[in-house]
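*Asks:* Sharing the feature lines straight out of TrEMBL:
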TRANSMEM  25-48  transmembrane segment
TRANSMEM  60-88  transmembrane segment
TRANSMEM  94-119  transmembrane segment
DISULFID  CYS157-CYS190  disulfide bond
DISULFID  CYS158-CYS174  disulfide bond
TRANSMEM  237-262  transmembrane segment
Amino acid sequence: MARRAAAPARPLGDDFSFVSPVVKYVLFFFNLLFWMISMVMVAVGVYARLLKHAEAAMACLAVDPAILLIVVGILTFLITFCGCVGSLRENICLLQTFSVCLTVVFLLQLAAGVLGFVFSDRARGKVSEIINGAIVHYRDDLDLQNLIDFGQKEFSCCGGVSYKDWSQNMYFNCTATNPSRERCSVPFSCCLHDANQTVVNTMCGHGMQDKGYLEASAFIYTNGCIDKLVNWIHSNLFLLGGITLGLALPQLVGIVLAQLLINQIRDQIKLQLYNQQHRADPWY
């Protein structure tokens, strides 16, 4: 009795899909969350920017926290938009764009951390340059002013290298020709904190730049914020490492999910092409 020829394997049905709904919608809601956060960041940044005077906005453009918030918000919005639409529509092009952008951001963060560690002296010089620029524009931008005051109070410091750095500001400048009432003074955030004081004396730093280090140290913080910041970083390396890992982990999760979904979509496309090619097969 002749053996019957074995029938070829039948292609998978049209209702079968390699694309996992779990991967697809986890990636979608992951991007949706950060997409909404980015819109809030842009809205807050624009609102803070519009509240400022035009002259002040142009004067301290390079150190304006509102501009930084807007730029980061827009970049996050564009990247997560690609992830949202790409995952929902199963679009390989958008998912690849999302994955590549996220990878570039992650590598830039990694490179910045490594370069900051290797070239710590140059990084210190850059930080000093930023702080000095902030001191110059202290009175020009209320947000910047509040940020500097917060930093000086939290780190118990004054100025960049020392309290005399405040002479770089036109209002606190210590030259004899300066007509400002704040001549040779420092901001009140440089003053030593008195626990029994209920009302803040905003004039406590008046004339402190005219005094020597020992005499001034009885009233204000004389050490600069750069050394304080470096010492704080050295003593909180584990905390900073945890924060860095917390920022990097969502990026890695997004990259892995995007690549996984891309591979599933490609398998699904191959399946559809296979089914189309075999529909004319008499054994189908």
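The backbone N, Cα and C atoms fix where each Cβ goes, glycine too.
TrEMBL labels come from automatic prediction, so no person has curated them.
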*Asks:* Compare 25-48, 94-119, 237-262 by their Cβ pairs under 8 Å to the transmembrane segment (60-88) and return the stretch that comes out on top.
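*Replies:* The listed stretch sharing the most Cβ pairs with the transmembrane segment (60-88) is 25-48.
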*Asks:* Validating a neighbour-count step here. Other CB atoms within 10 A of the CB of CYS174 (disulfide bond): how many?
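*Replies:* The answer is 15.
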*Asks:* Does CYS190 (disulfide bond) have same-chain partners at least 6 apart in sequence with Cβ under 8 Å from its own Cβ, and which are they?
*Replies:* GLN152, CYS157, CYS158, GLY159, TYR163, TRP166, GLY205, MET208, ILE220, TYR221
*Asks:* Who are the long-range neighbours of the transmembrane segment (94-119) in its own chain, taking Cβ under 8 Å and residues 6 or more past its ends?
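*Replies:* Contacts of the transmembrane segment (94-119) (Cβ under 8 Å, skipping residues fewer than 6 from its ends): 31, 78-80, 82-83, 85-87, 244, 247-248, 251-252, 254-255, 258-259, 261-262, 265.
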